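J.: The feature transmembrane segment is assigned by TrEMBL to A:24-44, A:50-68, A:99-122, A:129-146, A:175-194, A:225-248, A:260-284, A:296-315.
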Amino acid sequence: MTDTLTRPHSPPVPGPGAERRASLLATMAGAVLLIVAAAVPALTDFSTTYLMAYVLIVALLGLSLHLLMGLMGTFSLGQAALFGTGAYAAVVVSEDVGLDGAIGFVLVAAIGALLGLVMGAVTLRVSDLYLALTTLAIGYILENVVRNTDWLGGSQGLTGFYITFFGRSLDDPRLLCWIGLGVLTLFMIMISSMRRSKIGRAFMAVRESPIAARSIGVDARRYKLLGFAMAGAFSAIAGALYSAWSLVVNPSVFSIDLTLSVLAIAIVGGLRSMPGILVVAALLTYFRNSAADFGVADYVLLVYGALIVLSLRFLPLGLGGLTGSRAVARVRRLVAHRSRSRGGGRA
Amino acid sequence: MTALLEATGLIRRWGGLTAVDRVDVSVAQGSLHGLIGPNGAGKTTLVNMITGVDRIDDGRVRFQGDDVTGLASHRLASKGMARTFQTSQLFEDESVIDNVMAGRHGHIRYRFPHTLFYTPRVVREERGHRTEVYAVLRELDLAEDAHRQVAELSYGRRRLVELARAIASQPTLLVLDEPAAGLPGSDVDVLGDVLRRLRDSGYTILVIEHNIGLLMTICDRMTVLSEGKVIADGVPAVVRESPEVIEAYLGRNDDA
Ligand SMILES: Nc1ncnc2c1ncn2[C@@H]1O[C@H](COP(=O)(O)OP(=O)(O)OP(=O)(O)O)[C@@H](O)[C@H]1O
Ligand SMILES: [Mg+2]
């Protein structure tokens, strides 16, 4: 019998030094990419810039799912509820309260965080499917409330508003792109910093084993609320940028259509991978935008659905899961497991 | 010696079955206390009640002199109880160091806003906790696997990681549910040494075990459960001679 407690001879694994080098490299690559991305709006035409702004908005939503589903392990269908609230809140804050976006967006984020908290609190006692359905229901409720509120334009929605940032109108897609890039970078820094701290480990614990999380003193409910509040703030900011981008806000911002496309992006891109989500946000937005050219405009959601199913079946960690040593280790493990079960032995 | 943990009259019912039936257990400060009994005796249920994982139908639990009956498990954890589980509850996809760092949760002082920008305070504190965690890993001969993914490790070493995570929280009371289950014989002895060493360095440990031989050699005191009731309690030498224990253990063919 082998002595399993004592360490077997095995190849060395990358230590903290390698990790630090890798993260330094990633930071530098990120900085270069950011500079390139920031140059794009200045160098290209209006329609490309306009599309890019949309990609950034969708990517922000993808980040909120990265946080909720990828890091915290909570399957939520409430993205549109938070996004839509942010979209309407931005218009109200700008038109009725008269705040400039530089301050107004902070208020919008706070409103989104509050709604996220409510969503988290309502779903604290339920899990999995019920949680997903409850978050979905919150979107439906909000959509119908808005539809029946004249002050918010009813089913026609709101138009003719304009949102400024430091006094400059956001109807300029270049400005929108730069703000979107700034916000995206900020959120990515926040998420990756948080992930390496005790908060990230608490999320990990709640995701992997709630019972173990509590046994090490992690109040699972508190962290769930925190995750929902953050996701709420991120999604609401995405909604605010959306209203500036589209210049029309109507009840369709609460639609399941949006929730599903973001879900597709996050799952295909990789729930645990921010770069994966960014790349797939760009690819799928491009696909959706040119679906008419390919003659598949009617099948966009079908394609999204198929991508979700295929990804869950063959790439549970999405495209982002294809990179990184952990993913490689996981594949190696999977292969080892397969060959073991084929050999008829029991684990 | 004073009692660090004192449970009195604990009862837990599952439908018609009384899994834990008016059980008293008292764990002395600084002792290595064994909890033993045949399959289904109620050991896990008892420990789950003590650590707040399971509901208490009746009875009291006192910990460090405070009444902690019915407190949530994360509250008990922050009061100094740490535990491992019969079926391991590790964060499988994560590295050993992250798993064990998670055990430091209650000792980390920086707050959420600091983490958003990884302030120098976070860097400093994380570094300190990492040093502590490495000391624990070295103690359990896990240091070289620190950056390996838990799922890659052998079964026995995964059990050690779970033990390391519990120790990393520097608990006042360490509760272990069958840490030796499924380990080959030679490893059981290694584990026995580890437990004794922990006790000698000041930990109070309550350990569930099937393997009566192991407990007899390492425990200061033991409690024997059978069908939800305490049938013997005392130092190993006395427990060994108890007719009820002999009957409970000769009455069945225990393979553990
Ligand atoms: N969740 C549950 N629902 C119903 N019955 C349960 C539950 N958990 C435990 N039991 C029953 O309670 C009794 C005690 O179980 P427990 O797991 O505490 O025993 P144990 O001493 O830990 O056994 P083992 O040595 O097999 O781990 C058993 O008869 C078991 O079937
Ligand atoms: Mg048990």
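Every residue, even glycine, has its Cβ placed from backbone N, Cα and C.
Mind mapping these onto the model and telling me what they sit next to?
T.: Counting same-chain residues at least six beyond the ends of the transmembrane segment (A:225-248), those with a Cβ under 8 angstroms from any Cβ of the stretch are 50, 53-54, 56-58, 60-61, 63-65, 67-68, 71-72, 74, 76, 79, 82-91, 101, 104-105, 108-117, 119-121, 124, 157-159, 161-163, 170-171, 173, 176, 179-180, 183, 187, 199, 203.
Listed as Cβ neighbours of the transmembrane segment (A:260-284) (distance under 8 Å, sequence separation of 6 or more from its ends, same chain) are residues 55, 58-59, 61-63, 65-66, 69-71, 77, 79, 184, 188, 191-192, 301, 304-305, 307-308, 311-312, 315, 317-321, 323-324.
Outside the transmembrane segment (A:296-315) by six or more residues, the chain places 257, 260-261, 263-264, 267-268, 270, 284, 287-288, 321-322 with a CB less than 8 A from a CB of the stretch.
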J.: Any contact between the transmembrane segment (A:24-44) and the transmembrane segment (A:99-122), i.e. 3 or more CB pairs below 8 Å with pairs at least 6 residues apart?
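T.: Since fewer than 3 Cβ pairs under 8 Å link them, the transmembrane segment (A:24-44) and the transmembrane segment (A:99-122) do not come into contact.
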